[in-house]
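In TrEMBL this protein carries:
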REPEAT    9-43  repeat 'PPR'
REPEAT    44-78  repeat 'PPR'
REPEAT    79-113  repeat 'PPR'
REPEAT    114-148  repeat 'PPR'
REPEAT    149-183  repeat 'PPR'
REPEAT    289-323  repeat 'PPR'
REPEAT    395-429  repeat 'PPR'
Amino acid sequence: MSEGGVQPIPVTFAIMVRALAHAGMVDRLLEMIGRMRNEVCRPDVFVYTALVKTMVRRGYMDGCIRVWDEMEKDGVEPDTMAYATMVGGLCKAGMVEEAAELFKEMRSKGLLVDRMVYASLIDGYVAVGRVGDGCRLLNELVDAGYRADLGIYNTLIIGLCGIGREDKAHKLFQIVLQEDLMPSSDTVSPLLACYAEKGEMVMFFGLVNKLAEMGLSVVEMLVDFMKLFAGKDGRVLKAVEVFDALRQKQYCSVGIYNILIENLLKIKDRKKSLLLFEEMQSSVDFKPDSCTYSHMIRCFMDEGNVKEACSCYNTMMKENWIPSMSAYCVLVKGLCKMGEINTAISLVKDCLGNIENGPAEFKYTLTILEACRSKSPEKVINVVYEMIEVGCSMEEIVYSAIIYGFCKYASSTEARQVFTIMRDQNILSEANFIVYEDMLNEHLKKATADLVISGLKFFDLESKLKWRTRID
């Protein structure tokens, strides 16, 4: 621009530095600020504030601090918006001390410190475990004439419960009610979790009953509580005990059952998961839903009970429910290990047809099948190289796709060539090479004898298993 004899104007530089801030190109940004200062004028507070807002929003806090320092060198006084944005960004980045210093600067300069700034710093203090400082700041906020919103109270209640001070957290809950604020799940879940953890069930149900008196959706709040409580390490068995107490008082839902089943499976307690599932099946009001069946597919596959896992899938198909991605993955993995390749491929297609962003290994499965159409081992091995390059795991379905694709579009010779290359390049171990060569031979025998029709004779399921997609 300058070379063409056209002199840049301030707005030109402002646009350029904003674009550089958006891209996080801090060195270029500071260089452009220097040019702006030398060629036209010093950036004003509006330019600097815009840069700070852009970089905070993008999470470029190190660069943002450098821009802030540059602003101070230029003698530009930050305005209230610049301070508020910077305090919020520093707190989110865990730099609470730096945020507190700017907070003090704001007050010493007589700038308006609004509720948003207080809230940011309270969040920051609680996040780093300085809950006492957060409570002190709440008092300062009230003394300044502000009324704390529910988000501030929730943050402090979560923090206090986290350090075992549910007594103070309960006092804040009472203040929430006095302020005519409507408590949310974030308000009560930490308190309920503390009471449940310590076995203080009188306090627990006292709070539950209070919520019911207020006309709130208690069961929905209990679902959120159970997500919090059962999801923490070592608490799931305690959560089952709490659930038993809740059921006795008619507080129950399918959602709570699902949370417990999911977390019991995480600790491999399949026995209790099955008991809860059977309870749901025999229940009138809490029948299993799609989430339940997705969990149980995983449960049955972990037990090696493929027949029951397929039965769960069939039930979902009848109800037009879509399994979860993890249910698809575990079912496909199990079927591949048992040599039911046709059925596994069909499930892959079903998953990708129903779930928007399916597993990468499933997408590559279809890519491998397409490469097999060319009858070229080189094209297939190139897909394998690409998978390795992008960090995609080499799951059983990938090897099954190589077997299925070449047996369908070429011959077993090409599949063996690919496996040999993968073995020679240490992509496939010698032991697994033998496993997949045996699987290839078995699949070839079945295909030749026409004993497998899309894998549907597995466990006598051909009249029961209904796939949404059809193998080409």
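Cβ coordinates are placed from backbone N, Cα and C, and glycine is handled just like the others.
Counting residues per DSSP class in helix, strand and coil order gives 26 helix, 0 strand, 9 coil for the repeat 'PPR' (114-148). DSSP labels the residues of the repeat 'PPR' (395-429) in these numbers: 27 helix, 0 strand, 8 coil. With a threshold of 8 Å between CB atoms, the same-chain residues lying at least 6 positions outside the repeat 'PPR' (395-429) that come near it are 332-333, 336-337, 341-342, 344-345, 348, 361-362, 364-365, 368-369, 371-373, 375-377, 380-381, 384, 387-388, 436-437, 439-441, 443-444, 447. Per DSSP, the repeat 'PPR' (289-323) is made up of 26 helix, 0 strand, 9 coil. Per-residue pLDDT, averaged along the repeat 'PPR' (9-43), amounts to 69 for this model.
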